[in-house]
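As recorded in TrEMBL, the features of this protein are as follows:
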- A:8-103: domain 'Pseudouridine synthase I TruA alpha/beta' (DOMAIN)
- A:Asp52: active site, nucleophile (ACT_SITE)
- A:Tyr110: substrate binding site (BINDING)
- A:143-245: domain 'Pseudouridine synthase I TruA alpha/beta' (DOMAIN)
There are 2 protein chains.
Amino acid sequence: MNYRFEIAYDGSRYEGWQRQKKTEKTIQGKIEAVLSRMEERPVEIQGAGRTDAGVHALCQTANARLDSSKEPEEIRRYLNRYLPEDIEILKVSRVDDRFHSRFGAVGKRYVYRIGTDDRKDVFRRKYLFHLGEELDTDAMQRAAARLTGTHDFRSFCGNPRMKKSTVRTITRLEVVREEHQVKLVFEGDGFLQYMIRILAGTLMEVGQHLRPAESMEEILAAMDRTAAGPTAPACGLCLERVFYPEDIRRTENKENGGGENGEG
Amino acid sequence: MNYRFEIAYDGSRYEGWQRQKKTEKTIQGKIEAVLSRMEERPVEIQGAGRTDAGVHALCQTANARLDSSKEPEEIRRYLNRYLPEDIEILKVSRVDDRFHSRFGAVGKRYVYRIGTDDRKDVFRRKYLFHLGEELDTDAMQRAAARLTGTHDFRSFCGNPRMKKSTVRTITRLEVVREEHQVKLVFEGDGFLQYMIRILAGTLMEVGQHLRPAESMEEILAAMDRTAAGPTAPACGLCLERVFYPEDIRRTENKENGGGENGEG
């Protein structure tokens with residue numbers, strides 16, 4: 001039986017989502033250890049977004065095949081009981097056998113948070129990057145508009161040996177000024193390695209007037225990582241949501257007054 | 001010169017506000033170390049609320065005498081540069097020589113947060129006590145009303161050898177239901193050792209129907225710690241604000257359209 005998991009985590013203590021041989025400190029590794037204990041056999045779980053070391057998730061999505069006859073809610077409770085306190089299973093549901101968290105995802109929303117005043121903000125310090133400087137958000141928004149859409153994002157890719165296509169579509173890139181912080185909201189069909197953090201680092205430089213908003217086309221055209229800004233620190237980044245056609249259909253059905261919807 | 005400090009801290013890693021000989025892990029100790037380094041002589045800082053180990057502060061108030069000719073803003077920056085990242089100086093101001101953070105305070109506001117659903121809440125887990133159970137907030141509010149006012153709170157005092165008066169006035173005790181949590185807001189002229197956490201523990205039992213709201217008078221009359229409920233865990237508690245007559249006068253002046261006000 002195929003199960004879908006929605007997961008929140010504070011990534012501060014971890015070497016990222018993806019299981020690694022050299023360390024036990026990965027989110028995937030921790031969840032697999034508890035699932036394997038529950039199932040009394042090795043279990044693999046596939047996550048939609050392979051978040052890097054130090055990156056957080058408000059709602060990561062994953063799936064795993066379990067023989068378990070347990071109810072989803074029972075599985076959720078079991079996992080939350082044995083997982084560390086910085087990983088939380090928000091929801092477990094049975095899904096169609098064809099559901100794959102990564103290949104089935106049609107989009108993701110990431111948020112990057114920048115502390116702009118000189119507050120340390122002791123209660124939120126682990127969930128934002130503290131720049132401690134005001135940013136010109138109008139310039140940043142102009143640059144963001146030039147990055148939205150379908151482009152070859154090779155200049156914003158952290159992997160210089162990337163063989164596959166580096167063309168991606170950003171459907172939303174918003175610069176939101178809030179109290180004490182600037183929030184960057186990224187939505188797109190998929191993101192290259194470090195892409196969001198390089199975009200954030202580049203947009204910060206625009207906001208600091210270190211490069212003009214109008215230079216985005218040049219950076220894209222350069223097809224060269226060194227043309228873009230620095231990779232912004234991991235702690236400011238959070239995977240907020242993963243989008244699936246199934247969820248969108250379900251929402252549309254609800255909005256049209258549609259009734260119950262089978263798994264899909 | 002007398003300086004006033006407003007301070008936020010995440011108390012998780014500390015043995016409380018008050019300096020101790022046996023450990024360096026106190027907020028007062030950390031701040032004094034940096035002030036002493038700045039002044040090149042031992043400096044003492046007095047806090048208004050001696051928060052216990054693990055208790056947080058959104059805005060603790062303290063004062064210290066400095067020879068420094070430095071501007072308040074300069075002192076603030078110096079402190080924030082050298083203090084650990086979980087202690088933040090929000091504001092520094094020069095104050096009248098007579099200002100004493102503790103003896104001059106006329107009231108304090110503390111908030112106690114209780115997680116009532118089965119969420120771990122990875123991002124806020126250190127700032128609330130996770131009970132994981134719904135509470136009857138109507139009953140809690142009825143009990144709270146019976147505790148508001150001037151009473152001898154000996155039954156709610158953690159120090160059995162307390163020689164001084166245990167009479168205190170609670171001016172506000174509100175039970176607020178929020179998403180995922182119940183928040184208890186305490187305002188009063190002063191609180192005994194563990195008093196708020198014992199009040200919180202007792203109110204939780206009322207919310208769980210383990211004791212009736214109407215039993216508060218009995219508990220107060222017993223003058224015995226064992227009559228009250230358990231001491232709720234420290235992590236849920238936060239010192240939100242300290243009240244001074246000077247601030248209240250200043251606010252009133254502002255509201256009456258009054259102009260600049262000298263230090264007071």
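Any Cβ shown, glycine's included, is placed from N, Cα and C.
Under the DSSP three-state reduction, A:Tyr110 (substrate binding site) is assigned to strand. Geometry remark: the residue listed as 'substrate binding site' versus the residue listed as 'active site, nucleophile', CA distance 13 Å. Packing around A:Tyr110 (substrate binding site) is summarised by its Cβ count: 25 other Cβ atoms lie within 10 angstroms of its Cβ, all protein chains included. Within 10 Å of the C-beta atom of the residue listed as 'active site, nucleophile' sit 20 other C-beta atoms, taking all shown protein chains into account.
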